Amino acid sequence: MHVYRLAGGGEAVCWRNIMNVQNRIKSSRIGSVLWLALSMIPLTVGCQVEVAGDDTGTNSEEVSGGGHGRACGGLAGLSCKKGYFCDYELEAMCGAFDMTGTCERIPKACTEEYNPVCGCDGKTYGNECAANAAGVSVASRGECEPPPAKICGGLAGFACDPGEFCDYAPDAMCGAADQTGVCAPIPEGCTKEYDPVCGCDDNTYGNACMAAAAGVSVASRGECGSAPGAVCGTRGAAACEPGFFCDFAPEAACGATDLPGACAPIPGACTFEYNPVCGCDGNTYGNACAANAAGVSVASRGECAASEVQHCGGLAGLACDPGEFCNYSLEAICGAADQTGVCETIPEVCDDSYNPVCGCDDKTYSNACNAHAAGVSVALRGECPRR
């Protein structure tokens, strides 16, 4: 035991276990000299400071082991004792790169002044004292920046965490054409205000919050398919109500490009003017009104060409006529990512040549003609890879 006198009348009483050291060095030629040197070094590990004149013992504290001003954090992960927190300088970046802080007392009371800081726990506090009172060091001045948005949906089908839903922007059309959304928290409570929206699940909700509470993004304002102009003909969009038809713009190619249409009223009467148009059903109508009266959007002006290509597949799932199959180009990957194909006649006879292809049904055919005869498009040249 060693006693060290301190300024102010206090003393530090230290204990150290010297038996192991003595046993190791007693056989050394320099043992006596080394022992003398060691005994003259005041060790602070395990020392207790006792300040004279304090009968309550409230001024006694550990000199080491996490008290005021001691190092904390760092590579060794040094901790502070109870009632203290590890305070980092701003440039220490909350202990990044194994930088250390110092143990400081946790304040017991703080002002209500609002001078926000961002804590090392990623939370915003009203002021530095409030952060320290929570046992948290300050990472930066000002409020914490919101975390970057987490992408969801898209071709990869990124999912959100529990308690979140994939929220799509209005122009993302509920993820049509592999558009992505951002993960947003599912609200726990909503008002009862009635401001209807159509969800991406084709259901009408009382307001946008109620849709989000159900984990559903908003497809459009208003009830689903309730009024002219409502989105139709694309993923997440409801079919038009009776008395309306889905009207596509020319660039939408009758829905083959995944561009949406808009619900328009079916006209009750039309003129007999002959200004032919080709409808999205491949039929020629006397004029646009006549096509619309049949509930058909206009594909192009003029009569339908006899050899006009009929699109198939895609997001709208356009089908071919009996005796035809949907033939995809190799780049279309059998309609992946909502690619479209073209309707072609199913061949009735094929030769016996062996030029294998892998069909879109993952089966190997002796040649492309035999795949087409089975109503299957070619996925790739050569036999299907073994799985």
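Residue numbering: from 1, along the chain as shown.
Glycine is treated like the rest: Cβ placed from N, Cα and C.
Averaged over the domain 'Kazal-like' (97-146), the predicted model reaches a pLDDT of 94. The feature domain 'Kazal-like' is assigned by TrEMBL to 97-146 (among others).
Per TrEMBL, the feature domain 'Kazal-like' maps to 177-226 (among others).
Per TrEMBL, domain 'Kazal-like' is recorded for 257-306 (among others).
Counting residues per DSSP class in helix, strand and coil order gives 8 helix, 15 strand, 27 coil for the domain 'Kazal-like' (337-386). Taken from TrEMBL, the feature domain 'Kazal-like' covers 337-386 (among others).
Residues of the domain 'Kazal-like' (257-306) grouped by DSSP class, helix first, strand second and coil last, total 6 helix, 14 strand, 30 coil.
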